[in-house]
Ligand SMILES: [Cu+2]
C-alpha cells in the first residue's frame, strides 16, 4: 500500500505538468496554402508537440538559425509524425523542408514570452520570413 501511494505521488506531477499539443501539416486552410495548423503555439517548458501528417508530403524540422541556445535541432522525415519535447525555453522556428520557400513555417514559444526578434536571419526565404514576421506580430499583441 505504501509503495502504491509513493508511486501514485511520483506519477501525478508528470500528468499535471507535461502537455501534448498537436499540429497538423496541411496543404491548405483558411490562412493560406502549405501551412501548419495552428501556425503558432505557446507551450510550457517540458511540453511535447506532435506533428500530424494530416496531408502527405510534409515534414517538421527546426530552422537552424531560429532555436534557443542549447536546444537540439530536429528534422522529421517526409510524412513522419514526430513528437518533440521542448525543455529549453525560448522561441523556435519550425519549417517544412520541401515547402520552406513557399512559406510553410510556424513558431513555438516555450515558457514565458521571450524577447521577440525584430530582425530575422537574412537567409530565410522571403515568404517564410513574411509569415514568421506576421506570427511574431501576433505573439507581441
Ligand atoms: Cu510542407
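The first residue you see is number 1, and the count goes up from there.
Using the three backbone atoms N, Cα and C, a Cβ is placed for every residue, glycine included.
Feature annotations, courtesy of TrEMBL:
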SIGNAL    1-18  signal peptide
DOMAIN    24-110  domain 'Blue (type 1) copper'
BINDING   58, 96, 99, 104  Cu cation binding site
Other residues near the Cu cation site, CB within 8 A of the CB centroid of 58, 96, 99, 104?
25, 34, 36, 57, 59, 95, 97, 98, 100, 102
Counting other Cβ atoms within 10 Å of each residue's Cβ, which of the binding-site residues 96, 104 comes out lowest?
96
Between 58, 99, which of the binding-site residues has its C-beta surrounded by the fewest other C-beta atoms within 10 Å?
99
Count the residues of the domain 'Blue (type 1) copper' (24-110) that DSSP assigns to helix (H, G, I), to strand (E, B) and to coil, and report the three numbers in that order.
0 helix, 39 strand, 48 coil
Give, as a single whole number between 0 and 100, the mean pLDDT over the domain 'Blue (type 1) copper' (24-110).
96
